Amino acid sequence: MKFIDEARIEVIAGDGGDGSASMRREKFVPFGGPDGGDGGRGGSVYAIADRNINTLIDYRYAKKHLARNGENGRGSDCYGKGGDDVTLRMPVGTIISDMDTGELIADLTEHDQQVMLAQGGAGGLGNLHFKSSTNRAPRQKTDGKPGERRMLKLELKVLADVGLLGMPNAGKSTFISSVSNAKPKIADYPFTTLAPNLGVVRVGPSKSFVIADIPGLIEGAAEGAGLGHQFLRHLQRTGVLLHLVDLAPFDESVDPVAEATAIVGELRKYDEALYEKPRWLVLNKLDMVPEDEREARVADFLDRFGWDGPVFEISALTGQGCEALCYAIYDYLSEHSDAHRAAEAEDLAADVRFRDAPPAKGGATPGDDA
């Protein structure tokens, strides 16, 4: 299935039904009085998080979602039937915002979490509500209220504890398949990974974390080059980033330091907050480096790259160093998870980047398929 992580939809709640102005007409009951019923309420539109869905593809092509109107009231004190609600099932991790106001409506972070997107209109009142001691046969009634109508932006950010960064063919997919049950496509050409992959890493009974692999970045990604810039948003919820570097590239003219520097630069251009996230350096493919050269090559890389943070030396293919890295990640997440989640919730509440400029008249909406 095609991975779609952004969509724009219109939700239209149902209008309330009109109240009825009716008089009781029955044999042997003179001056029966008013008996007009109320109109039914309009149906509302809800979103509900579903962990069994992992893409917004349904909403890329079905852009308008309408709830039913309430029925009008009738005589004999008959109230109109309420309109049926509409429920839209979305992946866990979906952020819903109003395109007109930029308001953050909901962040669906838990399975079965439900939120109202558009409220149905209230039903009108029948004339029986207007009867009084001075007005025994009222003709007044009220119309139903219109339902809410909204243009919404849906943005999926996968819920992962750890995110993988790196150039194409740095070994990210091999690493995630080595430490988890994820089965991403792996090949010896760039951009094998075309969509984010999630894997659950278990380090013991009831001890696990989720790791996200996104398509590799290249220089100029922040301006739209390559594929990775589309998916960097999926790293914004993570607690720590793993920057994988290929220490033994097939092409000897490729400089790992230059590639690593380019990744850091693109990260900073895209989002300063993402750049400030805790980041660990993971030097991969050590099995391809002769043992007598490893120490010198690692030292040379760290010296030229100017890195003073955590460093791990692994081989994703053979599994060397992967277990120690996973235990270190779990320990770090256990210590920092509570503070990270609280700060993330605070940042999301103040995030205004979901607000888009209105599309030009007659023009295509950004992100729509041709």
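Any Cβ shown, glycine's included, is placed from N, Cα and C.
Lifted from Swiss-Prot, the feature list:
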type: BINDING; residues: 166-173, 191-195, 213-216, 284-287, 315-317; note: GTP binding site
type: BINDING; residues: Ser173, Thr193; note: Mg(2+) binding site
type: DOMAIN; residues: 1-159; note: domain 'Obg'
type: DOMAIN; residues: 160-334; note: domain 'OBG-type G'
type: REGION; residues: 128-147; note: region 'Disordered'
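Mapped onto DSSP helix, strand and coil, the region 'Disordered' (128-147) counts 3 helix, 0 strand, 17 coil. Cα separation, Ser173 (Mg(2+) binding site) to Pro215 (GTP binding site), rounded: 9 Å. The secondary structure of Lys285 (GTP binding site), as reduced to three states from DSSP, is coil rather than helix or strand. Looking only at other Cβ atoms within 10 Å, the busiest spot among the binding-site residues Lys172, Lys285 turns out to be Lys172.
Within 10 Å of the C-beta of Ser173 (Mg(2+) binding site) there are 24 other C-beta atoms, taking all protein chains into account. Within the model, the domain 'OBG-type G' (160-334) shows a mean pLDDT value of 78, rounded to a whole number. Under the DSSP three-state reduction, Ser315 (GTP binding site) is assigned to strand.
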